[in-house]
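Read through the structure below, which is laid out as structure tokens, and then see the notes.
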Amino acid sequence: MSMNKGPTLLDGDLPEQENVLQRVLQLPVVSGTCECFQKTYNSTKEAHPLVASVCNAYEKGVQGASNLAAWSMEPVVRRLSTQFTAANELACRGLDHLEEKIPALQYPPEKIASELKGTISTRLRSARNSISVPIASTSDKVLGATLAGCELALGMAKETAEYAANTRVGRLASGGADLALGSIEKVVEYLLPPDKVESAPSSGRQKTQKAPKAKPSLLRRVSTLANTLSRHTMQTTARALKRGHSLAMWIPGVAPLSSLAQWGASAAMQVVSRRQSEVRVPWLHNLAASKDENHEDQTDTEGEETDEEEEEEESEAEENVLREVTALPTPLGFLGGVVHTVQKTLQNTISAVTWAPAAVLGTVGRILHLTPAQAVSSTKGRAMSLSDALKGVTDNVVDTVVHYVPLPRLSLMEPESEFQDIDNPPAEVERKGSGSRPASPESTARPGQPRAACAVRGLSAPSCPDLDDKTETSARPGLLAMPREKPARRVSDSFFRPSVMEPILGRTQYSQLRKKS
């Protein structure tokens, strides 16, 4: 209750006094700014419930602090009321003076922003005009003076050329050039007679050229001579290439190579034409498919048909080249065509060279990204199994050849074989007696055979299982040898035991090789 008594007393003491804070808050600029801050605060507060709870807590804290400050400052305000009144009056007078000097304080923020924008744009426009107008006028003057100087120089050059041509020396020089050019034309006509097909259009062209002007100019004659020489050179080159190609096609094996070269050139042109497109994995599949199709078509077609098609293509290319050459009536056009062709070739080469590394890297990267780890591991496992199978087949073939072919020191024949005792097993007493012996005389009589067998088996197997079995039986004399059961007959026994010969490898290793293969 004491907190609300202070303002009521102040209002009772000064009922008609204006407050500076209220006037400042009522200004459009300040009120608009406060509204903007209030909207921002409300939107932030409504963004999340946690933020709203925190803001409410701070609001309550600030309200409590302000109430406490007002309650504590109430005695001071009562004692200094006269001083506060005087300061308020002075502040109100200053605010009135500011409103008179700056009327924009009474404008809304939107109006102030529009007026400020218009003022800035007009200032910038005036500054730009002040800079660009003198530059434009100066450049126009400079260009006019330059054009006038160029026209004057051209006029002087023309007058000088006409004067030099009308002099005696000029007439002699032009006559000498005309005589030399005429002699060159006669030599060219004598050495290079025109074709029958091209004689009619060339004569018609000469008639059309001679009709408007009796004597052609020197430049036109030079251009005609250059076109004639270039056309004859290209015709001669095309004929020589055609003759060489026809002769080379008679050589056996050249036709497939030429077709393969044409396919490679077409594929390279396709790659160069697609240099701006993205590098994708299906591009490789398309190239492979087109390669297979072209290869099948080429193998199906006969040699005569390919020769006829190539001759037709070459004739069409020659006609196109001749048309391009005849379409250039002046040396400027001929040189321009040559320069254009060279420039286009250089551009294609440079673009292909710059695109090739990026294409290769992009293709490799896409293949690596598109290939999963499981596919890589499965492919690797299949490759390893295939290599093991091939190795097993190779070892089996080598062992079979060594077994059947009577090579010196390689084919080992053991009459007392493991397979020989299957039908007639020995008695138990004989087994005991044989088990008490340290070693059999046959095994000691030929000590070099196991080494040779191991040497032969080193091509396929890392160890000698038969030798290990014999050493183990000799090293254990005390064990009782039980009669072995007769194994079941299999189809492969006829392959591994053609006679009493013992196979080089053991049965376990042969079974492993069969499983691998």
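Placement of Cβ uses the backbone N, Cα and C atoms for every residue, glycine included.
Annotated features in Swiss-Prot:
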COMPBIAS  299-319  compositional bias 'Acidic residues'
COMPBIAS  483-492  compositional bias 'Basic and acidic residues'
MOD_RES   Ser81  phosphoserine
MOD_RES   Thr85  phosphothreonine
MOD_RES   Ser126  phosphoserine
MOD_RES   Ser130  phosphoserine
MOD_RES   Ser137  phosphoserine
MOD_RES   Ser174  phosphoserine
MOD_RES   Thr224  phosphothreonine
MOD_RES   Thr299  phosphothreonine
MOD_RES   Thr301  phosphothreonine
MOD_RES   Ser315  phosphoserine
MOD_RES   Ser387  phosphoserine
MOD_RES   Ser434  phosphoserine
MOD_RES   Ser436  phosphoserine
MOD_RES   Ser440  phosphoserine
MOD_RES   Ser492  phosphoserine
MOD_RES   Ser494  phosphoserine
REGION    197-217  region 'Disordered'
REGION    285-321  region 'Disordered'
REGION    291-322  region 'Required for interaction with CIDEC'
REGION    415-495  region 'Disordered'
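Where Swiss-Prot records a feature, it is marked here on the structure.
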residue	record	CB count, 10 Å
Ser81	phosphoserine	14
Thr85	phosphothreonine	14
Ser126	phosphoserine	10
Ser130	phosphoserine	9
Ser137	phosphoserine	10
Ser174	phosphoserine	13
Thr224	phosphothreonine	19
Exercise. Could you measure between Thr224 (phosphothreonine) and Ser174 (phosphoserine) for me? Cα positions, answer in whole angstrom.
Key: 18
Quiz prompt | Nearest of the modified residues (Ser126, Ser137, Ser174) to Thr85 (phosphothreonine), judged by Cα-Cα distance | solution = Ser126
Practice problem: Could you measure between Ser130 (phosphoserine) and Ser137 (phosphoserine) for me? Cα positions, answer in whole angstrom. | Solution: 12
Exercise. Work through the modified residues one by one (Ser81, Ser137, Ser174) and name whichever has its CA nearest to the CA of Ser126 (phosphoserine).
Key: Ser137
Quiz item: If you measure Ser81 (phosphoserine) to Ser137 (phosphoserine) at Cα, how many Å is it?
Solution: 72
Exercise. Express the distance between the Cα positions of Ser137 (phosphoserine) and Ser174 (phosphoserine) as a whole number of Å.
Key: 48
